[in-house]
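**Student:** Please find one structure pasted underneath; my questions will follow.
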Amino acid sequence: MMETLSQRLSVCQDKILEHYETDSTCLSDHIQYWKLIRLECAVFYKAREMGIKTLNHQVVPTQAISKAKAMQAIELQLMLETLNTTEYSTETWTLQETSIELYTTVPQGCFKKHGVTVEVQFDGDKQNTMHYTNWTHIYILEDSICTVVKGLVNYKGIYYVHQGVETYYVTFREEAKKYGKKNIWEVHVGGQVIVCPESVFSSTELSTAEIATQLHAYNTTETHTKACSVGTTETQKTNHKRLRGGTELPYNPTKRVRLSAVDSVDRGVYSTSDCTNKDRCGSCSTTTPIVHLKGDANTLKCLRYRLGKYKALYQDASSTWRWTCTNDKKQIAIVTLTYTTEYQRDKFLTTVKIPNTVTVSKGYMSI
(Lines of atoms letter the chains of each structure in order from A and count residues from 1; the text may use other names and numbers.)
(Lines give C-alpha, C1' and ligand atoms only; values in the text may rest on other atoms or scores of the structure.)
Protein backbone atom coordinates (compact mmCIF):
# COMPACT_ATOMS: atom_id res chain seq x y z
CA MET A 1 0.00 0.00 0.00
CA MET A 2 2.86 2.36 0.85
CA GLU A 3 4.40 1.72 -2.58
CA THR A 4 1.09 2.56 -4.26
CA LEU A 5 0.79 5.82 -2.32
CA SER A 6 4.40 6.66 -3.17
CA GLN A 7 3.78 6.15 -6.89
CA ARG A 8 0.58 8.20 -6.87
CA LEU A 9 2.29 11.02 -4.99
CA SER A 10 5.20 11.08 -7.45
CA VAL A 11 2.90 11.23 -10.49
CA CYS A 12 0.74 13.92 -8.88
CA GLN A 13 3.67 16.11 -7.88
CA ASP A 14 5.31 15.74 -11.29
CA LYS A 15 2.13 17.11 -12.87
CA ILE A 16 2.06 19.97 -10.36
CA LEU A 17 5.64 20.87 -11.31
CA GLU A 18 4.66 20.78 -14.99
CA HIS A 19 1.95 23.31 -14.21
CA TYR A 20 4.51 25.66 -12.64
CA GLU A 21 6.84 25.26 -15.61
CA THR A 22 4.08 25.85 -18.16
CA ASP A 23 2.95 29.05 -16.39
CA SER A 24 -0.41 28.81 -18.14
CA THR A 25 -2.90 31.68 -18.33
CA CYS A 26 -5.81 29.39 -19.18
CA LEU A 27 -8.55 28.95 -16.59
CA SER A 28 -9.10 25.26 -17.40
CA ASP A 29 -5.43 24.53 -16.62
CA HIS A 30 -5.77 26.14 -13.20
CA ILE A 31 -8.83 24.00 -12.51
CA GLN A 32 -6.70 20.91 -13.20
CA TYR A 33 -4.01 22.33 -10.91
CA TRP A 34 -6.40 22.51 -7.95
CA LYS A 35 -7.62 19.00 -8.70
CA LEU A 36 -4.00 17.86 -8.38
CA ILE A 37 -3.58 19.70 -5.08
CA ARG A 38 -6.75 18.00 -3.87
CA LEU A 39 -5.36 14.58 -4.90
CA GLU A 40 -2.04 15.27 -3.19
CA CYS A 41 -3.85 16.11 0.05
CA ALA A 42 -5.86 12.89 -0.22
CA VAL A 43 -2.65 10.85 -0.59
CA PHE A 44 -1.09 12.54 2.43
CA TYR A 45 -4.28 12.07 4.46
CA LYS A 46 -4.36 8.33 3.67
CA ALA A 47 -0.66 7.95 4.41
CA ARG A 48 -1.05 9.56 7.82
CA GLU A 49 -4.08 7.38 8.49
CA MET A 50 -1.85 4.35 7.91
CA GLY A 51 0.75 5.70 10.33
CA ILE A 52 3.19 6.72 7.59
CA LYS A 53 5.09 9.86 8.60
CA THR A 54 7.53 10.07 5.67
CA LEU A 55 6.63 9.48 2.03
CA ASN A 56 9.06 9.96 -0.87
CA HIS A 57 11.48 11.63 1.56
CA GLN A 58 8.79 14.16 2.48
CA VAL A 59 7.28 14.72 5.90
CA VAL A 60 3.61 13.74 5.79
CA PRO A 61 1.42 16.54 7.26
CA THR A 62 -1.09 15.77 9.99
CA GLN A 63 -4.55 14.71 8.89
CA ALA A 64 -5.99 18.02 10.10
CA ILE A 65 -3.62 20.00 7.88
CA SER A 66 -4.25 17.79 4.84
CA LYS A 67 -8.01 18.00 5.36
CA ALA A 68 -7.99 21.80 5.69
CA LYS A 69 -5.82 22.18 2.60
CA ALA A 70 -8.03 19.77 0.64
CA MET A 71 -11.14 21.77 1.56
CA GLN A 72 -9.46 24.93 0.25
CA ALA A 73 -8.55 23.12 -2.97
CA ILE A 74 -12.13 21.90 -3.39
CA GLU A 75 -13.49 25.43 -2.89
CA LEU A 76 -11.05 26.92 -5.41
CA GLN A 77 -11.79 24.16 -7.92
CA LEU A 78 -15.56 24.68 -7.67
CA MET A 79 -15.30 28.48 -7.88
CA LEU A 80 -13.02 28.29 -10.91
CA GLU A 81 -15.33 25.78 -12.59
CA THR A 82 -18.19 28.21 -12.06
CA LEU A 83 -16.12 31.10 -13.39
CA ASN A 84 -15.22 28.96 -16.40
CA THR A 85 -18.90 28.85 -17.42
CA THR A 86 -19.15 32.65 -17.60
CA GLU A 87 -18.11 35.17 -20.23
CA TYR A 88 -14.94 35.90 -18.24
CA SER A 89 -13.50 32.42 -18.81
CA THR A 90 -11.64 33.61 -21.92
CA GLU A 91 -9.75 36.30 -20.01
CA THR A 92 -6.11 35.82 -19.10
CA TRP A 93 -5.79 34.20 -15.67
CA THR A 94 -2.42 33.67 -14.02
CA LEU A 95 -1.55 31.18 -11.31
CA GLN A 96 -1.25 34.00 -8.79
CA GLU A 97 -4.67 35.41 -9.69
CA THR A 98 -6.24 32.01 -8.99
CA SER A 99 -4.20 31.30 -5.84
CA ILE A 100 -5.73 30.65 -2.43
CA GLU A 101 -3.73 33.56 -1.01
CA LEU A 102 -5.35 36.11 -3.33
CA TYR A 103 -8.78 34.48 -3.11
CA THR A 104 -8.86 34.71 0.69
CA THR A 105 -7.44 38.22 1.00
CA VAL A 106 -9.91 41.11 1.38
CA PRO A 107 -12.44 41.27 -0.11
CA GLN A 108 -12.55 37.59 0.74
CA GLY A 109 -14.21 34.87 -1.29
CA CYS A 110 -13.81 36.43 -4.73
CA PHE A 111 -11.19 36.72 -7.44
CA LYS A 112 -9.38 40.02 -7.95
CA LYS A 113 -7.22 41.60 -10.65
CA HIS A 114 -5.04 44.66 -11.12
CA GLY A 115 -4.23 46.06 -7.70
CA VAL A 116 -3.74 49.79 -7.07
CA THR A 117 -1.75 50.94 -4.06
CA VAL A 118 -3.55 53.16 -1.56
CA GLU A 119 -1.29 54.83 1.00
CA VAL A 120 -2.77 56.03 4.28
CA GLN A 121 -0.81 58.33 6.58
CA PHE A 122 -1.90 58.32 10.23
CA ASP A 123 -1.56 61.17 12.75
CA GLY A 124 0.11 63.38 10.12
CA ASP A 125 3.27 61.32 10.52
CA LYS A 126 5.04 60.33 7.29
CA GLN A 127 6.79 57.55 9.18
CA ASN A 128 3.44 56.07 10.20
CA THR A 129 1.97 54.95 6.89
CA MET A 130 0.18 51.82 5.76
CA HIS A 131 -0.32 50.54 2.24
CA TYR A 132 -3.56 48.89 1.15
CA THR A 133 -4.73 47.51 -2.18
CA ASN A 134 -7.72 48.61 -4.20
CA TRP A 135 -8.72 46.30 -7.06
CA THR A 136 -9.81 47.47 -10.50
CA HIS A 137 -11.66 44.19 -11.14
CA ILE A 138 -13.49 42.27 -8.42
CA TYR A 139 -15.29 39.13 -9.63
CA ILE A 140 -18.34 38.30 -7.52
CA LEU A 141 -19.82 34.84 -8.15
CA GLU A 142 -23.40 34.23 -7.05
CA ASP A 143 -25.64 31.41 -8.30
CA SER A 144 -23.45 30.70 -11.35
CA ILE A 145 -23.58 34.39 -12.30
CA CYS A 146 -20.41 36.48 -12.30
CA THR A 147 -20.56 40.22 -11.77
CA VAL A 148 -17.45 42.38 -12.10
CA VAL A 149 -17.30 45.52 -9.97
CA LYS A 150 -14.49 48.00 -9.46
CA GLY A 151 -13.02 49.15 -6.20
CA LEU A 152 -13.49 52.70 -4.94
CA VAL A 153 -11.69 54.76 -2.32
CA ASN A 154 -12.97 57.55 -0.08
CA TYR A 155 -11.98 58.97 3.29
CA LYS A 156 -13.95 56.20 5.01
CA GLY A 157 -12.13 53.33 3.36
CA ILE A 158 -11.90 51.03 0.35
CA TYR A 159 -15.11 49.50 -0.96
CA TYR A 160 -17.15 48.32 -3.91
CA VAL A 161 -20.80 48.70 -4.87
CA HIS A 162 -22.78 45.58 -5.79
CA GLN A 163 -26.52 45.68 -6.44
CA GLY A 164 -26.65 49.15 -4.93
CA VAL A 165 -25.01 48.08 -1.65
CA GLU A 166 -21.68 49.55 -0.54
CA THR A 167 -19.35 46.94 0.95
CA TYR A 168 -16.26 48.28 2.73
CA TYR A 169 -13.41 45.80 2.98
CA VAL A 170 -10.99 48.31 4.55
CA THR A 171 -12.26 50.90 7.05
CA PHE A 172 -9.73 53.62 7.78
CA ARG A 173 -11.34 54.58 11.10
CA GLU A 174 -10.68 51.07 12.40
CA GLU A 175 -7.17 51.14 10.97
CA ALA A 176 -6.54 54.47 12.72
CA LYS A 177 -7.42 52.84 16.04
CA LYS A 178 -4.73 50.22 15.42
CA TYR A 179 -1.96 52.37 13.97
CA GLY A 180 -2.64 55.90 15.21
CA LYS A 181 -3.41 57.80 18.39
CA LYS A 182 -5.11 60.99 17.20
CA ASN A 183 -7.79 59.33 15.06
CA ILE A 184 -6.83 61.40 12.00
CA TRP A 185 -5.45 60.27 8.66
CA GLU A 186 -5.05 61.22 5.03
CA VAL A 187 -5.33 59.03 1.97
CA HIS A 188 -2.91 59.17 -0.98
CA VAL A 189 -4.22 57.59 -4.18
CA GLY A 190 -4.05 58.29 -7.90
CA GLY A 191 -1.99 61.47 -7.47
CA GLN A 192 -4.57 62.96 -5.09
CA VAL A 193 -4.57 63.41 -1.33
CA ILE A 194 -7.82 63.00 0.57
CA VAL A 195 -7.47 64.91 3.83
CA CYS A 196 -9.56 63.50 6.63
CA PRO A 197 -9.48 65.66 9.80
CA GLU A 198 -11.63 64.41 12.65
CA SER A 199 -13.58 67.67 12.52
CA VAL A 200 -15.08 66.69 9.16
CA PHE A 201 -17.34 64.07 10.72
CA SER A 202 -18.56 63.02 14.14
CA SER A 203 -18.60 59.52 15.60
CA THR A 204 -21.79 58.86 13.67
CA GLU A 205 -21.57 57.85 10.02
CA LEU A 206 -22.18 60.42 7.30
CA SER A 207 -25.17 60.03 5.04
CA THR A 208 -24.87 58.39 1.65
CA ALA A 209 -25.52 61.73 -0.06
CA GLU A 210 -22.52 63.26 1.68
CA ILE A 211 -20.14 60.60 0.41
CA ALA A 212 -21.59 60.01 -3.05
CA THR A 213 -19.28 62.34 -5.05
CA GLN A 214 -16.68 60.31 -6.91
CA LEU A 215 -13.57 61.38 -8.77
CA HIS A 216 -12.46 59.73 -12.03
CA ALA A 217 -8.71 59.27 -11.83
CA TYR A 218 -6.63 60.47 -14.79
CA ASN A 219 -9.48 61.86 -16.89
CA THR A 220 -8.12 65.37 -17.44
CA THR A 221 -9.24 68.29 -19.63
CA GLU A 222 -9.23 72.11 -19.47
CA THR A 223 -12.17 74.29 -18.51
CA HIS A 224 -13.36 76.99 -16.18
CA THR A 225 -14.46 75.05 -13.12
CA LYS A 226 -15.16 75.16 -9.42
CA ALA A 227 -12.79 73.60 -6.93
CA CYS A 228 -14.58 71.31 -4.52
CA SER A 229 -13.51 70.72 -0.93
CA VAL A 230 -15.07 70.09 2.43
CA GLY A 231 -16.27 73.42 3.77
CA THR A 232 -14.68 75.63 1.07
CA THR A 233 -15.49 76.76 -2.49
CA GLU A 234 -13.24 78.52 -4.96
CA THR A 235 -13.11 79.21 -8.70
CA GLN A 236 -10.11 78.78 -10.96
CA LYS A 237 -9.10 77.75 -14.52
CA THR A 238 -6.81 74.73 -14.70
CA ASN A 239 -6.43 71.08 -15.67
CA HIS A 240 -9.19 69.23 -13.91
CA LYS A 241 -10.92 65.96 -13.14
CA ARG A 242 -14.49 65.40 -14.20
CA LEU A 243 -16.83 64.20 -11.47
CA ARG A 244 -19.66 61.79 -12.12
CA GLY A 245 -22.85 63.68 -12.74
CA GLY A 246 -21.15 66.53 -14.60
CA THR A 247 -19.41 68.38 -11.75
CA GLU A 248 -15.73 69.01 -12.31
CA LEU A 249 -12.67 69.31 -10.10
CA PRO A 250 -9.30 70.98 -10.67
CA TYR A 251 -6.51 68.46 -10.93
CA ASN A 252 -3.04 68.97 -9.56
CA PRO A 253 -0.94 65.99 -8.48
CA THR A 254 0.63 67.96 -5.64
CA LYS A 255 -2.51 69.78 -4.50
CA ARG A 256 -4.31 68.58 -1.39
CA VAL A 257 -8.03 68.29 -1.89
CA ARG A 258 -10.83 67.12 0.36
CA LEU A 259 -12.97 64.64 -1.52
CA SER A 260 -15.76 62.23 -0.79
CA ALA A 261 -14.68 59.29 -2.91
CA VAL A 262 -11.94 58.55 -5.38
CA ASP A 263 -12.27 56.07 -8.21
CA SER A 264 -8.68 54.84 -8.36
CA VAL A 265 -9.09 52.04 -10.85
CA ASP A 266 -7.25 53.49 -13.83
CA ARG A 267 -3.77 52.96 -12.51
CA GLY A 268 -2.44 49.45 -13.03
CA VAL A 269 -0.13 48.56 -10.17
CA TYR A 270 -0.28 44.87 -9.29
CA SER A 271 1.51 44.73 -5.97
CA THR A 272 1.83 47.04 -3.01
CA SER A 273 5.08 48.55 -1.83
CA ASP A 274 6.56 48.30 1.63
CA CYS A 275 4.85 50.03 4.52
CA THR A 276 6.84 51.99 7.07
CA ASN A 277 4.66 50.68 9.89
CA LYS A 278 6.09 47.48 11.34
CA ASP A 279 2.63 46.06 12.02
CA ARG A 280 1.47 46.34 8.45
CA CYS A 281 1.27 42.73 7.22
CA GLY A 282 -2.42 41.94 7.67
CA SER A 283 -3.65 44.73 5.42
CA CYS A 284 -1.40 44.39 2.42
CA SER A 285 -3.12 41.99 0.14
CA THR A 286 -0.50 41.22 -2.50
CA THR A 287 2.44 40.19 -0.36
CA THR A 288 4.69 37.55 -1.89
CA PRO A 289 6.00 34.52 0.04
CA ILE A 290 9.80 34.63 0.36
CA VAL A 291 12.71 32.71 1.86
CA HIS A 292 15.96 34.23 3.12
CA LEU A 293 18.94 31.87 2.81
CA LYS A 294 21.66 33.05 5.21
CA GLY A 295 25.24 31.88 5.44
CA ASP A 296 28.72 32.15 3.96
CA ALA A 297 28.82 34.15 0.72
CA ASN A 298 30.67 31.48 -1.29
CA THR A 299 28.35 28.75 -0.05
CA LEU A 300 25.32 30.79 -1.08
CA LYS A 301 26.75 31.51 -4.52
CA CYS A 302 27.25 27.79 -5.13
CA LEU A 303 23.78 27.03 -3.80
CA ARG A 304 22.20 29.66 -6.03
CA TYR A 305 23.95 28.12 -9.03
CA ARG A 306 22.58 24.67 -8.13
CA LEU A 307 19.08 26.10 -7.79
CA GLY A 308 18.97 26.56 -11.56
CA LYS A 309 17.62 23.05 -12.02
CA TYR A 310 14.78 23.79 -9.56
CA LYS A 311 13.55 26.93 -11.34
CA ALA A 312 9.98 25.61 -11.37
CA LEU A 313 9.98 25.68 -7.57
CA TYR A 314 10.56 29.43 -7.12
CA GLN A 315 9.89 32.66 -8.97
CA ASP A 316 12.99 34.85 -8.61
CA ALA A 317 16.34 34.74 -6.83
CA SER A 318 18.33 37.76 -5.67
CA SER A 319 22.06 38.25 -5.85
CA THR A 320 24.04 37.78 -2.64
CA TRP A 321 23.52 40.74 -0.30
CA ARG A 322 24.19 41.85 3.29
CA TRP A 323 22.70 44.18 5.87
CA THR A 324 24.87 47.29 6.17
CA CYS A 325 23.68 48.77 9.47
CA THR A 326 24.45 45.86 11.77
CA ASN A 327 26.83 45.03 14.58
CA ASP A 328 27.31 41.52 13.24
CA LYS A 329 31.06 41.16 12.69
CA LYS A 330 30.60 37.97 10.67
CA GLN A 331 28.76 39.87 7.92
CA ILE A 332 26.39 37.01 7.11
CA ALA A 333 25.42 36.94 3.44
CA ILE A 334 21.82 36.54 2.28
CA VAL A 335 20.09 35.29 -0.85
CA THR A 336 16.35 36.00 -1.14
CA LEU A 337 13.97 33.79 -3.11
CA THR A 338 10.40 34.76 -4.02
CA TYR A 339 7.50 32.42 -4.74
CA THR A 340 4.18 32.58 -6.55
CA THR A 341 2.29 30.84 -3.74
CA GLU A 342 2.91 29.42 -0.28
CA TYR A 343 2.45 25.96 -1.75
CA GLN A 344 5.32 26.55 -4.18
CA ARG A 345 7.51 27.68 -1.28
CA ASP A 346 6.63 24.61 0.78
CA LYS A 347 7.35 22.38 -2.21
CA PHE A 348 10.75 24.07 -2.64
CA LEU A 349 11.70 23.53 0.99
CA THR A 350 10.69 19.86 0.94
CA THR A 351 12.40 19.13 -2.39
CA VAL A 352 15.64 21.11 -2.39
CA LYS A 353 18.41 19.99 -0.04
CA ILE A 354 19.78 23.02 1.81
CA PRO A 355 23.29 22.72 3.34
CA ASN A 356 23.39 22.53 7.14
CA THR A 357 25.53 25.67 7.22
CA VAL A 358 22.75 27.71 5.59
CA THR A 359 19.92 29.12 7.70
CA VAL A 360 16.43 29.26 6.20
CA SER A 361 14.00 32.05 7.19
CA LYS A 362 10.46 32.23 5.80
CA GLY A 363 8.54 35.47 5.43
CA TYR A 364 6.54 37.78 3.17
CA MET A 365 7.44 40.81 1.09
CA SER A 366 5.58 43.37 -0.98
CA ILE A 367 7.35 43.79 -4.30
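Any Cβ shown, glycine's included, is placed from N, Cα and C.
Relevant sequence annotations retrieved from Swiss-Prot are reproduced here:
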CROSSLNK  LYS294  SUMO cross-link
REGION    1-201  region 'Transactivation domain'
REGION    287-367  region 'DNA-binding domain'
**Student:** Just to be sure I understand the packing, how many Cβ atoms besides its own are within 10 Å of the Cβ of LYS294 (SUMO cross-link)?
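**Tutor:** I get 16 for this one.
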**Student:** DSSP helix, strand and coil counts for the region 'DNA-binding domain' (287-367)?
**Tutor:** 27 helix, 24 strand, 30 coil
**Student:** In this predicted model, what is the average pLDDT of the region 'DNA-binding domain' (287-367)?
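**Tutor:** On average, pLDDT over the region 'DNA-binding domain' (287-367) sits at 84.
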